[in-house]
Amino acid sequence: MNEFFKKISGLFVPPPESTVSVRGQGFQFKVPRGQTILESALHQGIAFPHDCKVGSCGTCKYKLISGRVNELTSSAMGLSGDLYQSGYRLGCQCIPKEDLEIELDTVLGQALVPIETSALISKQKRLAHDIVEMEVVPDKQIAFYPGQYADVECAECSAVRSYSFSAPPQPDGSLSFHVRLVPGGVFSGWLFGGDRTGATLTLRAPYGQFGLHESNATMVCVAGGTGLAPIKCVLQSMTQAQRERDVLLFFGARQQRDLYCLDEIEALQLDWGGRFELIPVLSEESSTSSWKGKRGMVTEYFKEYLTGQPYEGYLCGPPPMVDAAETELVRLGVARELVFADRFYNRPPC
């Protein structure tokens, strides 16, 4: 009897690896046992669409055509009910039980392969009351596209966090990130707690799909908080490459003290080859303050500036702001597939 159950149980052991085939693209890749589809794809340098990697944003959705998966959590939390019922699942939450055939809305290809390297913090610069620019010098040079991000591991405070590159690749190989002080945040609390110049970090990069798409359409950039970092990085890289397009940059913040890097943005404006408008909007500024600019939510002002020509949306920051901006841009006629977003999720303490 025991031998019988051993044979039966053996039927349910997943293979050492599964093959994921992407319908209509002639593309397939292997997923080792125990890894999610997204995790394995990224390890192999495959540009699988993703954003948060925790099942919230829905960016890594795919349609399961055939095969079975084990879902770590319900994919439904990052998908609408209709999509889930139609067979869509999340790559970050699914471990194959067998070979799969899937369907994607985007064309896969090879991405820049992430590497791991040690890095020394070379500079800390306060940009706002709760934002610091952290510059690091890695042991190995990291190639990345403006708009991508790095996983930053700090052994001293036992934390891993993700931060977007805030400046294009530099000749000396140095890298910059904007770090916001999060209440109770392990890494940000450590960084803000003293001079960390000379401290060693571990970087894994590059990751992420956000970045410039080739077009002549006016760029509607919407940044909330440190969501300015990847947008600034993209715009600065465009200046270096002389690829300027018309830009509307909506910068959402709570109060005047939360606005930062305005000098760098103004320098971009002066050198820009086309239209470049900066529209800061404060949502919680005192009615008795000296602020003469716009108040409320950034989405309230889209209609005033979007006047009919082709547009693309580039949205970075807190998920509620990004979601609201995407909804409003689509309502105003921007095609949803031309709205590119990077949602900043706060990772729980490690």
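Placement of Cβ uses the backbone N, Cα and C atoms for every residue, glycine included.
What Swiss-Prot records for this protein:
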- 16-108: domain '2Fe-2S ferredoxin-type' (DOMAIN)
- C52, C57, C60, C92: [2Fe-2S] cluster binding site (BINDING)
- 109-350: region 'Ferredoxin--NADH reductase' (REGION)
- 114-213: domain 'FAD-binding FR-type' (DOMAIN)
For C60 ([2Fe-2S] cluster binding site), what is the secondary structure state per DSSP, taken as helix, strand or coil?
coil
Nonlocal neighbours by CB distance (under 8 Å) for C60 ([2Fe-2S] cluster binding site), same chain, sequence gap 6 or more:
I37, L38, F48, P49, H50, D51, K53, L90, G91, C92
What residues, ordered by sequence, lie under 8 A Cβ-to-Cβ from C57 ([2Fe-2S] cluster binding site) and sit at least six positions away in the same chain?
D51, G78, P319, R343, Y345
Hey, which of the binding-site residues C52, C92 is the loneliest by Cβ count within 10 Å?
C52
Per-state residue totals over the domain 'FAD-binding FR-type' (114-213) - DSSP helix, strand, coil:
7 helix, 49 strand, 44 coil
Can you name every residue in this chain, apart from C52, C57, C60, C92, with its Cβ inside 8 Å of the center of the Cβ atoms of the recorded [2Fe-2S] cluster site?
L38, H50, D51, K53, V54, G55, S56, G58, T59, G78, L90, G91
